Amino acid sequence: MADVTAALLTTADGRPLKAALAEAQSRARRRAFLLVAPLLAFVVLTFIIPIGQMLDRSFHHDGFSANAPNLVEWFDANPEGTVPDEAAFAALAADMKLMKENKTAGEAGTRVNYTLAETRSLITKTARGADKLAPPFKEALLAIDDRWDDPAVWQAMRSSASAYTADFYLSALDMERAEDGSIQRVEEQGRIYVYLFFKTFLLSGIITLVCLLLAFPVAHLLATLPMAKANLLMILVLLPFWTSLLVRTTSWIVLLQGEGVVNDILLSLGFIGDDGRLKMIYNQTGTIIVMTHVLLPFMILPLYSVMRVIPPSYARAARSLGATSWTTFRRIYLPQTLPGIGAGSLLVFILAVGYFITPALVGGADGQLISNLIDFHMRNSNWSMAAALSAMLLAGVLVLYWLYDRLIGIDNLKLG
Amino acid sequence: MAAASHNDAFVVFDHVQKSYDGTSLVVKDLNLNIGKGEFLTMLGPSGSGKTTCLMMLAGFETATNGEILLDGRPINQVPPHKRGIGMVFQNYALFPHMTVGENLSFPLEVRGMGKSEREAKIMRALDMVQMGKFANRRPAQLSGGQQQRIALARALVFDPKLVLMDEPLGALDKQLREHMQFEIKHLHESLGITVVYVTHDQGEALTMSDRIAVFNDGRIQQLAPPADLYERPDNSFVAQFIGENNRLEGTVEEIKDGRALVRLNTGELIDATPVNVSNKGQKTLVSIRPERVEFKAELLPADAHLIEAEVIEVIYMGDLFRTVLKVAGHDDFVIKSRNTLGQRVLTPGEKIKIGWAPQDARALDPV
């Protein structure tokens, strides 16, 4: 018997069974692939490639390395910490001439400027007068600007001399390269990114929590009401989806501003004095309130879809077994809604972390999130910096996703 | 009838009414006493109010009017978790996120029972349903029959005096269902608990119950032990609902010595026992069980009335023959005869005479 089962199984006409099976299924598989091919192409073109480009930009910038070949050569030949000699200044002068010829001084300067501020003007200024440079080059260059003697400038050029760099990530972590090439934190008043990342994740966490607390009872109501009433209520839940985001946000401004409806009501009821009007907008509070409202449906829908399929007999069984309503909720109902809580929280949190328009409109000075800073860098054409921040945001979300998978399990996720 | 009196009854429904919408009654004036240790089945078609009664007893629905007493104590205001009633649900309602052991542990934990005591009780309950090895499985890993056993064990693990079962075997296949009927009956007997069982399956009701309450239209139509219910139905609904049944319409010709002579609408005279009729001239529906109809004259009482019948179809069913006859204008009159050695097998088209003992035909209310 063992021999028979060990032998390769064949079809009636003697072909190996595996090959026959693959052949029989290949047609269906080809057809299935053709059906998903358009979407696959769309996703590759509009998602995978742009993301790849963004990641590439965050650590690849050849603005300086491509336009300063002589300096690149010198940096390669001499280790870090070498005091620039006459050969170095000669290379610099040669590159300046090259930049003037090719009109690439601005591009190169921009790259160095990302690493050390105010070096762009130094490079463009020097390049303008590059034609008149003659040996000895050190003196000639120092005559144009004595900053050429500054080791920090040379360090910045050295790190720009490679097309691949971690400088943008260092900046995004509030770090910089010291003159000797070691990594250090930037001065205290210059540290903005880490704090902003922290604040973004904290506010997103608060928004997620508030959404969960507000959505849970609503989703439960939706799941237990008769179908006709539940549908009506569902329309109310979905209504914000059909209203322009701008309209909703500006409505909140009308409601929450200093002279707004809420303050007026509180004032007329005597809860606050005229000089004690609450500041509920153009700050963190405003960001939290408005984003909670905007993201609430994303919490309600997954919760509802999970709660709808929990049969009421579970709660009844628990009650008949002697559990109080609180115990029934805590030990029977809540655990069964976990897939919905997980899905809703993950959805809201990820959306909140990358949210841009609402904090931009109602965030004021202290309600801005990391996405607003990414936007700032993009508008200032610092694509690499924006890309590095975005990549870090992406990494942060992926880490959370991984944590979620470890703690709760991704197969427990139920989005709809 | 073994009806417990109002005073020593364990469960009492006292003029209970229930309405969901305020315009119609789902349960109309229910009075029912259930004795301690009794196995009572509520049987009826869907929408007859039987499940509503069970839910009121469990505490998930409140009676609109009337009082329900448990062990002499009114329980209308007692929340479900304080009633101490075990319940087996139609779809078992085993908590999917807990193992079998945790499911059974739950009622003991909420009662604040210590760990060692809990474990002993869980093992005892699992052994009772022969599921001792399954304590660490999840409900989803069990078959329907196994889940059913666990649901039963969970309802019994905290030693309730009363266990309610809401169509617990409905989702099982026929063979398993019959096996579980036997097991539930056996558990009931060995534990001495009171069971209220809801089903729409009459076979299940007849097999398991001490008494059956047949529900229809929000009322109990008849409350009786299985044999009484089958052999002596009180009204046409019960006769029709329980078992197979032949019906003949007619008018009462004469009532004498507990026997009625009924003139069928087609003119023939037949014997019957008056149940819901008392006067000459009343319209009636005579109900006769197929296995009590006889076509061999020598087996009938000498003075029995016989009527003409024509054989339409004979169906061989192994243990018996099911013969369809045309009788008094009806062509759906059924008789069943045992497949014994020497049984006379009828052939279609044959003309015969049939009759029955007067006590086997019951003159009931006309429909």
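Quick reminder: no glycine exception, Cβ is built from N, Cα and C everywhere.
The transmembrane segment annotation in TrEMBL covers A:32-51 (among others).
The transmembrane segment annotation in TrEMBL covers A:192-216 (among others).
Residues or ranges marked as domain 'ABC transmembrane type-1' in TrEMBL: A:197-404.
Residues or ranges marked as transmembrane segment by TrEMBL: A:228-247 (among others).
Residues annotated as transmembrane segment in TrEMBL: A:285-306 (among others).
Look at TrEMBL and you will find A:340-362 (among others) tagged as transmembrane segment.
Long-range contacts of the transmembrane segment (A:382-404) within the same chain: residues 51, 54-61, 114, 168-169, 171-173, 193, 197, 200-201, 342, 346, 349-350, 353-354, 370-371, 373-375, 410, 413, each at least 6 residues beyond the stretch ends and with a Cβ under 8 Å from a Cβ of the stretch. Residues or ranges marked as transmembrane segment by TrEMBL: A:382-404 (among others).
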Contact check, the transmembrane segment (A:285-306) vs the transmembrane segment (A:32-51), 3+ Cβ pairs under 8 Å, seq sep 6+:
no
Sequence-remote partners of the transmembrane segment (A:228-247) [C-beta within less than 8 Å, at least six residues beyond its ends]:
218, 221-222, 293-294, 296-297, 300-301, 304, 357-358, 361
